[in-house]
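Marked as transmembrane segment by Swiss-Prot on the basis of sequence analysis: 17-37, 60-80, 91-111, 137-157, 173-193, 212-232, 239-259, 274-294, 311-331, 338-358.
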Amino acid sequence: MNPVPAQREYFLDSIRAWLMLLGIPFHISLIYSSHTWHVNSAEPSLWLTLFNDFIHSFRMQVFFVISGYFSYMLFLRYPLKKWWKVRVERVGIPMLTAIPLLTLPQFIMLQYVKGKAESWPRLSLYDKYNTLAWELISHLWFLLVLVVMTTLCVWIFKRIRNNLENSDKTNKKFSMVKLSVIFLCLGIGYAVIRRTIFIVYPPILSNGMFNFIVMQTLFYLPFFILGALAFIFPHLKALFTTPSRGCTLAAALAFVAYLLNQRYGSGDAWMYETESVITMVLGLWMVNVVFSFGHRLLNFQSARVTYFVNASLFIYLVHHPLTLFFGAYITPHITSNWLGFLCGLIFVVGIAIILYEIHLRIPLLKFLFSGKPVVKRENDKAPAR
């Protein structure tokens, strides 16, 4: 075990929480966007579609960089087996808890909302399995990907640590140009792999478990490893926390390219491959934009911020079925898209916070939704004075 910095990275905690909570306006705006979802408003909103595309273009790339950063920090804190156990418990237990308590009821509700309940018995065994894979994993996909990444990084992090012991890490130099070229090549590599699969056996791309375990892991693993490297090399971390006009401009241009691909691309042609290349480099540049912004404005301790940092995972887990309920039963009664969007935010966030406060008072639920054992403090046992 190696010592780890004692100073808390408040801005990274805050960014991770905000990225998680951005899932709420992302999914609510999806109802009012031009993208087809489980539930949609009668008429799409151009501006809410643009807002939805903006969040979707970079959010998870930056999230996985932060996850990799904190994962490697814990890797240095614990023995290898304990590290894997702690990491898998913290993401795996909430995921397994949310499936029967959240995504299964959500799936049943959608079966009736979309009028598919009657056709369910006629589906083949594989179609039932694949539908359940997509619908029960649902918005929990990133937790499954984190479990897979953690398992892979048992070997990857060991290799990184061993290489560091045999080299001088102070001489390692990074530049955004080099990183951009690397991530461009990674994006092209991912696109080639996806295209090859599409040519050889296209049905596998519609398999839910293959998509989550293989394709999503393959795309986001470079960002996870980049986060670990940012923890190891202060120069790399400083590269991300220092504002860069070049990164901001490049990210803006990449987002325009992303929108053009969404508008004019075709799923039967090269739209998905082009998107993977664009979002790979866009994600890298947005790491600089988000980190530098967060380092300047969010690097402080606050009771209110700490509350939402602690609550962000639970709120994210419960927001999805609440959003779909709102979209199915309340959205049709609100004629204004923007009013519906704001009402959706109030509805979902308000109920999610109430549920969070309730679950804090039930030790079993608190454990199941956090993956952390409830530790009773000695102060709690002291008699009142």
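The backbone N, Cα and C atoms fix where each Cβ goes, glycine too.
Scored on C-beta pairs under 8 angstroms, the neighbour of the transmembrane segment (338-358) with the top count among 17-37, 91-111, 239-259, 274-294 is 17-37. Most Cβ pairs within less than 8 Å of the transmembrane segment (60-80), among stretches 137-157, 212-232, 239-259, 274-294, belong to 212-232. Touching of the transmembrane segment (91-111) and the transmembrane segment (311-331) is concluded from the presence of at least three CB pairs under 8 A, sequence neighbours closer than 6 excluded. Of the ranges 17-37, 137-157, 212-232, 311-331, the one with the most Cβ pairs under 8 Å to the transmembrane segment (274-294) is 212-232. Note on the transmembrane segment (137-157): residues 23, 27, 60, 63-64, 67-68, 71-72, 75, 80, 84, 87-88, 91-92, 94-95, 98-99, 103, 106-107, 208-209, 212-213, 216-217, 220-221, 224-225, 228, 316-317, 320 of its chain, located 6 or more positions outside it, place their CB under 8 angstroms from a CB of the stretch. Note on the transmembrane segment (311-331): residues 16-18, 20-21, 23-24, 27-28, 31, 37-41, 94, 98, 102-103, 105-106, 109-110, 113, 138-140, 340, 343-344, 347-349, 351-353, 355-356, 359, 369-370 of its chain, located 6 or more positions outside it, place their CB under 8 angstroms from a CB of the stretch.
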